[in-house]
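K.L.:
Questions regarding the structure given below will be posed in turn.
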Amino acid sequence: MNDSRPLCKYGAGCYQKNPLHKAKYKHPEVTKMLPTKEFQPIVETQSNADPGSVDDPSTSRDRASQEEDVGPPRKKIKTNTNKTNASSAQMKRFAHRLQHCSMYRIFLNKIFSLEATRHDNNALVFPDLLSPSLGELIETAQFNFLVDLEYLHQNYDGCGVANLPLLLVYGEMEGCQALFPNATYKKVVMPYLYGTHHTKMMLLHYTTGLRVVVHTANLRPDDWYEKTQGFWVSPLFPKLQKEDACEGDSCTRFRADLLAYLRCYKLTDVNRWCDLLLQHDFSSCTFAHRLQHCSMYRIFLNKIFSLEATRHDNNALVFPDLLSPSLGELIETAQLPQTGATNSCRVQVRVVYPSEEDVQHSTQGWGGGSCLPYSSSTHSRQPWLQPHLCRWRSSPFGRTAAMPHIKTYCRYNDALHTAQYLLLTSANLSKAAWGALQKQGSQLFIRSYEAGVLLLPHYLAGEDSFSLAGDPRATTLPLPYDLPLVPYSASCVPWLSDTRKTVKDVLGRAYRV
């Protein structure tokens, strides 16, 4: 009997439990077979929740349920009863690494299935960010899209901070709220269709100061265990001797921009954190907070794509990201001839996105595509994209097999081995995230909340560019992907979540729709 139901746009990554949704749409089936090995985590406080969470900000309707499990089975992990002491050695190691990290302060996450990432000095796990060796926490605030309270509690409880005040600002959440006795939960209700609260950010208040973490991971186990994520961890901002709104900011206006973003929530509990920010000295911060829902965002976009081409014409903008139907407008803008340059001086745009073969051989097999909800219908409408696509390769970090959920935007010169900026952000390549000009270009309409941090060489290094020569794990700009980039071959196809795969994945499983 033919199934005439329309295909769910999220494919095998759909995590709807709503029976009406299951009845209305058909879903790809993943034939599960025993994997060759089970994943071996390296921390004691780990969830046994199913992997496969999808982070697609194109819609937030009917998202109160968990995803379909398309990953291999995991062992049930017992939580160590001596929680704080169990991982103290690991936490101290991270405090030391943070103190001696490069000026970029960019970290990736450890992938439990990839041994090389466990020994990377620029990789972390969730408990690292709550480490008591970083300071005695008073309270925390988590801003995120998808939240698994059980997973969040296991990390907080394992670090001995589950009873501290917690502000959780979220888009979608599952689990028992009673796990956190002193938590305040604030769901962000979006006024516009297809908009989401997509920001991933932490505010950590210590007895000795305040710290900001901007990252790309949902607060769900699969995001942290098997997907490549990015984290920017700020220095500790000490408390001002005397509160003064005119003091305590940096030359990049990091604090002012962060305050402007937080005030967009119009929430009393968030405004209290704004007051805390004003009490701390951010003058040491040479990074720029990337705004969303603010007028300054349009100024940033105009500047980021109008940088003068340097001595060669082979500059490239690189977007390792989730794909969306609105890529055309962004890429067309990025490729326009630069101001004051010749007509031939056009910036090449490259989009790093996993191919079907990349996902097939990932640590989760076909399940690695659960965070990549790019559909065949969308791809068929933009055939011009194919020449811009590049394979996901991350050899220096040993994480080619860990599919990317990280979002970075970079402009670099391949001939000079230099980069002009790096943006780490929660924003996918979509109009919901980046906005669309309206009313003859007089206003920018943005549907979603996003947050990111912009690294500029002038402020960080006193130079015109970052170096890309040398070991990316050491002193050079830590791009999460390989250079030179690996373009798609003529026979290479991007990962599409709603197409049947004719072969089995590396774990011996089939994927069909």
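Residue numbers in this text run from 1 along the chain shown.
Using N, Cα and C of the backbone, Cβ positions are placed for all residues, glycine too.
Among the features that TrEMBL reports, active site, nucleophile is placed at H198. Among the features that TrEMBL reports, active site, proton donor/acceptor is placed at H405. What TrEMBL lists as domain 'PBZ-type' is 5-28. What TrEMBL records for 36-89 is region 'Disordered'. If you look up TrEMBL, you'll see S430 marked as site 'Interaction with DNA'.
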K.L.:
Do me a favour and check the Cα-Cα span between S430 (site 'Interaction with DNA') and the residue listed as 'active site, nucleophile'; whole Å is fine.
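P.N.:
Between the Cα atoms of S430 (site 'Interaction with DNA') and the residue listed as 'active site, nucleophile', the distance comes to 12 Å.
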K.L.:
So for H198 (active site, nucleophile), how many other CB atoms are inside 10 Å of its CB?
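P.N.:
Cβ-Cβ neighbours of H198 (active site, nucleophile) within 10 Å number 31.
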K.L.:
Using the alpha carbons only, what distance in Å do you get between the residue listed as 'active site, proton donor/acceptor' and H198 (active site, nucleophile) once rounded?
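P.N.:
Between the Cα atoms of the residue listed as 'active site, proton donor/acceptor' and H198 (active site, nucleophile), the distance comes to 13 Å.
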K.L.:
For the domain 'PBZ-type' (5-28), would you mind checking the mean pLDDT of the predicted model?
P.N.:
60
K.L.:
In the structure shown, with every protein chain counted, which of the recorded positions H405, S430 has the densest set of Cβ atoms within 10 angstroms of its Cβ?
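P.N.:
When each Cβ's neighbours within 10 Å are tallied, H405 tops the list.
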K.L.:
Provide the three-state secondary structure of H198 (active site, nucleophile) computed with DSSP.
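P.N.:
Its secondary structure by DSSP: coil.
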